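Novice: Quick one: this structure, given as structure tokens, is what I'll be asking you about.
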Amino acid sequence: MAFVSIAPLASRCCVHKSFVSSREVKPLCRTIPTLGRCRRGKTVTPSISMCWTATVLDDGVQRRIANHHSNLWDDSFIQSLSTPYGETSYLERADKLIGEVKEIINSISVEDGELITPLNDLIQRLSIVDNIERLGIDRHFKNEIKSALDYVYSYWNEKGIGCGRESVITDLNSTALGLRTLRLHGYPVSSDVFEQFKEQNGQFACSAIQTEGEIKKVLNLFRASLIAFPGEKVMEEAEIFSTIYLKEALLKIPVCSLSREIAYVLEYGWHMNLPRLEARNYIDVFGQDPIYLTLNMRTQKLIELAKLEFNIFHSLQQEELKHVSRWWKDSGFSQMAYARHRHVEFYTLASCIAIDPQHSSFRLGFTKITYLGTVLDDIYDTFGTMDELELFTAAVKRWHPSAAEGLPEYMKGVYMMFYETVNEMAREAEKCQGRDTLNYARQALEAYIDSYMKEAKWISSGFLPTFEEYLDNGKVSFGYRIGTLQPILTLGIPFPHHILQEIDFPSRLNDLAGSILRLKGDIHSYQAERSRGEESSGISCYMKDNPESTEEDAVTYINAMINRLLKELNWEFLKPHSNVPITSKKHAFDILRAFYHLYKDRDGFSVTRNEIRNLVMTTVIEHVPL
């Protein structure tokens, strides 16, 4: 196991007292008629309570502090976590089950004339692959999955497929599940196959009676529609139709495994879905209803393995989380009153997308660099003065420990921790890549800091840029690039320069991801940021460019833009015959999904008491009952 081991700061740079020693704290609120009003130090809005506080430090400087809620996860609680699932007996049982499940998968390729026939062999293969992937155990069966999908693809044609290779007619369920699964694995499949399932009026043909089979068919159509490429009109039509159908079905059918599956898929879709969260949900869905697989023995083996794998990884998560919490506490960050303390939440996101135990360096690196990025966000957006920000920006570009000496006391520890973390991650990456990658990281960090500096100047001067100018800078300041670049270099996957350029800046994938996340974040953080005097957002800039528009118009425009960009991102990630394998792009794409998940209903960076807290509990703190 390769941990990113970063020692605490040297005593000359570490600040072990409060980073904010205030003489006067005065709450300030801005009155925004369309968004809410202030009451007793809080800005009341429909979605979030937020205001900022003017704080005068011992140095006499008045600063702004956003009233973010404190850390929810006490270090003593984290250090007290324990689980037995790292013991040898559980590991040995899991290894035995892996062998038995491989036998089950291989048995599907053997026709027995009863359960596996030429009339169902395709859907049987697709179903086992789909279930293995959704249960989060697919890393053990890469060869078996490829063999199954190669077989299915060999019978794929311009009309899709039937349930089996000798089926006379094509089947919507098999075709929808087949298109989704094959496309996710890089096979070239066209969405035109769905045209034949539409009636003359353009609507998809479907029985008026919502049986389990009919509902399952439409559910797979919906899942397939979410990985649409640009220009695929039939996929847009499929998404609209299936969304309406499934919502109506939820109102009619009783609460059961199928209804829970529908509710989950409708809520999280694909871009907000996280592999470990899906596995946790699907373990319950899949294990309670045998309709999901033909053989009960197969169901039992898969479920037992999925539960064991979940809990074994859970034991590793707790050890890594203890490391993260100690790092946060020992480094002095716990004393920073002005910053958002979201290290536990960031680790949770990392461990929900990188569920291979071998990727410890990725999880820890992502956690630390994104936490530090959030601290910088709070310094540049609210706490730092313009003179201090200029000093910090210059220090980052100088990149030397001595550069910390000219910084304000509260900045010294932040700078040194950034310096140590980035350098340590570069050393970790060098072990995997066989070359020094520090220059890549420094270039990304400098671009990140420059974008922050530009936004700070906008805030200070009251300047409101055009929408295009704002987004061009905002897609960098979101921090997707610094949160992605160094962590993926520690995965053990080779990233030669020409491959890295297709994922990192200036690639289209990187550009799209940064733009999507910036715009998605603006929709949920706009009100709170405006209450703190931060006028620049995609919504404000759009309204400036279009004086007759309303906030609702701006949100509608931005949502439509996000949907269009997501389709482009799907293409960049999944396009067949690419020079860059999907496996090389997967974690960069999954990092987008992690950030996107934070903005599902609110600004999850700032407010983590609700959905994100539940995510931590269900995927990191609690194990699955066996």
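The backbone N, Cα and C atoms fix where each Cβ goes, glycine too.
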Novice: When Swiss-Prot marks a stretch as motif 'DDXXD motif', which of 57-61, 177-181, 377-381 is it?
Specialist: 377-381
Novice: Using a 10 Å cut-off, grab the number of neighbouring Cβ atoms around the Cβ of ASP381 (Mg(2+) 1 binding site), all chains included.
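Specialist: ASP381 (Mg(2+) 1 binding site): 20 neighbouring Cβ atoms within 10 Å.
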Novice: By DSSP, how many residues in the motif 'DDXXD motif' (377-381) are helix, how many strand, and how many coil?
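Specialist: Across the motif 'DDXXD motif' (377-381), the residues distribute as 5 helix, 0 strand, 0 coil.
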Novice: So what pLDDT does the motif 'DDXXD motif' (377-381) average out to?
Specialist: 90
